[in-house]
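Encoded as structure tokens, the structure appears first; notes follow it.
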Amino acid sequence: MDQGKEEDQSENGTGQNSKRRKPFHYSSIPTYIQDEGRVQTPIETHTAANYSRYRYYSKLGHHQDSTLAIPDHVLPSYIFTVNVPFQSAIRDSEGKQNSLVTIFSIWNTMMGTSLLSIPWAIHQAGLAMGLFLLVAMAGITLYTCYRVVQSISKEAGSAGMMEFSDVCRSYLGRWGEIISIIFSLIALFGAMIVYWVLMSNFLFSTVSFIRGEIDDTMEDHNGTSVRCDSPMSFVVLFFTESSVNATSDVFDKVWSKTHTVPFFLLLFIAPLINFKSPTFFTKFNALGTLSVAFLLIFITIKASEWGINIDFANQDAVSYVSLFDVHFPALSGILALGYFIHNCIASIIRNQRNQQNNARDLTIAYILVAVTYTFVGLLFYITFPEKKDCIKDNLLDNFYPSDILSFAARLFLLFQMITLFPLILYIIRVQVMDPIFKSAYPSVKHVFVLNALLLSICVVFAIFLPKIGVIIRFSGAFCGLAYIFTLPCLVYMIDLHRQVLTVLRLQCAMFAILSASIRVKICKQGPPDLPILIITPLRSSVLITKFLCLAMNHVQLSGILIKDPKPNSLA
């Protein structure tokens with residue numbers, strides 16, 4: 001203790017001994033390098049000495065004079081650090097993100113499986129009606145999402161981090177929070193089922209392609225040829241595939257798209273969904289951007305090969321296109337889910353560096369999403385070489401398994417969905433378990449039962465209703481009914497009502513104060529004339545002036561009674 005005290009005194013220059021110089025290998029940097037709060041390996045003495053020497057000589061000379069600077073080729077490799085380009089532009093020292101990252105995050109989150117069904121949905125609505133709905137639904141969902149952002153920002157100012165369900169509880173009570181959670185779960189259930197159907201589809205096509213290449217039994221359909229199967233209901237499709245499997249070889253019986261592949265998929269997914277934290281899978285979020293980019297390139301290449309194939313006049317032509325169709329609600333339902341980001345927008349804008357840019361960034365992101373949907377849907381629809389009725393609700397089903405680009409797109413999307421599916425189930429688990437058991441992971445048994453129930457629902461839909469267009473349109477319509485069109489507008493109207501009531505209370509309070517002051521003046525001096533009362537400093541508010549004018553008659557009458565109280569006293 002005494003030795004330590006003497007060293008402290010010598011270092012501060014207050015002790016009897018003179019300040020001692022540290023040896024050259026003394027490290028003035030921390031013993032451990034900390035990166036984002038994590039302690040790494042300790043710094044070696046030799047490394048610390050070289051680093052101290054480098055800093056010392058760098059400070060001796062002027063910034064423009066490199067005479068005393070150590071040459072780069074002499075420095076050891078551990079002195080250099082990897083500088084990620086644009087890292088400072090992405091996040092600052094506080095972990096806040098700029099507008100570019102916010103816009104990109106919103107775009108990347110909204111780009112999902114709905115993109116595969118847009119061409120089919122445009123055909124259901126007609127070309128003109130489809131383009132109108134793409135723009136109109138983008139505007140409506142942008143406005144309601146902006147209302148969600150505004151309500152969250154207003155409530156979070158005093159309550160910290162909030163979600164829109166918390167805002168619904170603040171404005172609508174407990175039932176508002178329950179409704180918001182239920183319809184948010186409907187959107188997640190729809191995404192979960194669609195993911196399972198698509199993963200079964202992509203897994204079937206991928207394995208079939210590999211098997212055909214190995215056995216050299218794959219038919220060559222490269223070029224401009226596409227599949228044009230007659231549309232069938234899911235009941236006819238189920239029994240048709242059953243009859244085909246009964247007359248096929250062993251591989252086709254074992255490897256069936258709707259009978260066996262949904263069960264084989266359990267072998268890949270079941271071990272991945274019981275983790276307590278899905279942090280590992282969040283590292284693959286960039287695959288969503290890469291898959292969308294590859295899909296855009298794939299459709300552009302195919303469209304350049306096909307050319308424009310539209311005909312508005314001849315209804316018997318192969319390329320006939322209708323401008324309007326009565327089945328347009330299919331597109332509005334798909335777009336309701338395609339533009340849906342209301343339940344997770346709070347998590348994205350929470351790290352925004354400049355909160356005043358939320359409206360601008362949200363608008364730009366929605367414009368980019370609308371442009372992407374319109375580009376994919378319109379380009380595929382007007383260039384499709386066969387009848388437009390042949391367009392599938394999954395546009396990749398219009399290509400044969402032997403098509404190399406479609407095989408790459410399916411394989412890319414399959415890997416992306418396998419990494420994202422556990423995240424969806426984790427969010428569902430949190431929203432179901434946390435309100436009931438106050439924990440997202442109550443026990444292994446609870447999580448196993450919930451996951452078994454969710455996977456059973458997915459398998460049933462993949463077997464009996466493998467139509468992602470139908471699933472997306474109905475889940476989007478149900479969640480959009482409440483979470484997009486009703487709750488944000490209802491919260492906004494309640495907020496306006498509260499503001500009006502607040503203004504009326506302030507005006508009534510001002511009127512009460514002025515009325516009391518006028519009564520005091522009347523009691524002392526008698527009732528003033530009406531024109532004098534009108535000339536008051538109340539011209540700034542028309543409503544208060546009306547209130548005062550109505551009250552003046554009452555003031556004058558009561559003033560008369562106060563001024564001449566003799567009849568009352570005599571009585």
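Numbers run from 1 along the shown chain.
Note: Cβ is positioned from N, Cα and C throughout, glycine not excepted.
Just so you know, TrEMBL annotations never went through curation; they're auto-generated.
TrEMBL lists 1-26 with the feature region 'Disordered'.
Note on the transmembrane segment (100-122): residues 89-91, 130-131, 191, 194-195, 198, 285, 288-289, 292, 295, 330-331, 334-335, 337-341, 344-345, 348-349, 351-352, 357, 361-362, 364-366, 368-369, 372-373, 376-378, 380-381, 384, 391-396, 468-469, 472-473, 476 of its chain, located 6 or more positions outside it, place their CB under 8 angstroms from a CB of the stretch. The transmembrane segment feature in TrEMBL is assigned to 100-122 (among others).
According to TrEMBL, the feature domain 'Amino acid transporter transmembrane' maps to 102-503.
According to TrEMBL, the transmembrane segment annotation covers 128-146 (among others).
For 178-198 (among others), the entry in TrEMBL reads transmembrane segment.
TrEMBL lists 254-273 (among others) with the feature transmembrane segment.
Summarising the annotation, TrEMBL assigns transmembrane segment to 280-301 (among others).
For the transmembrane segment (321-341), same-chain residues at least 6 beyond its ends with a Cβ under 8 Å from one of its own Cβ atoms are 106, 109-110, 112, 114-115, 117-118, 121-130, 133-134, 137-138, 141-142, 145, 187, 190-191, 310-312, 348, 366, 369-370, 373, 381-382, 388, 469, 472-477, 479-480, 483-484. Residues or ranges marked as transmembrane segment by TrEMBL: 321-341 (among others).
Within the chain, the transmembrane segment (362-384) has long-range Cβ neighbours (under 8 A, six or more residues past its boundaries) at 102-103, 106-107, 110-111, 114-115, 118-119, 121-123, 127, 130-131, 134-135, 138, 141-142, 145-146, 149, 226, 292, 295-296, 299-300, 302-303, 306-310, 321, 335, 338-339, 345, 349, 390-391, 395, 398. The transmembrane segment annotation in TrEMBL covers 362-384 (among others).
Residues or ranges marked as transmembrane segment by TrEMBL: 404-428 (among others).
Residues or ranges marked as transmembrane segment by TrEMBL: 448-465 (among others). For the transmembrane segment (448-465), the list of distant contacts is 189, 192-193, 195-197, 200, 234, 238, 258-259, 261-263, 266, 269-270, 273-274, 425, 428-429, 432-433, 471: same-chain residues at least six beyond its ends, Cβ to Cβ under 8 Å.
According to TrEMBL, the feature transmembrane segment maps to 471-493 (among others).
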Exercise. Out of 178-198, 404-428, 471-493, which stretch touches the transmembrane segment (128-146) the most, going by CB pairs under 8 Å?
Worked result: 471-493
Problem set entry | Contact between the transmembrane segment (404-428) and the transmembrane segment (178-198) (at least 3 Cβ pairs under 8 Å, separation 6+) | yes
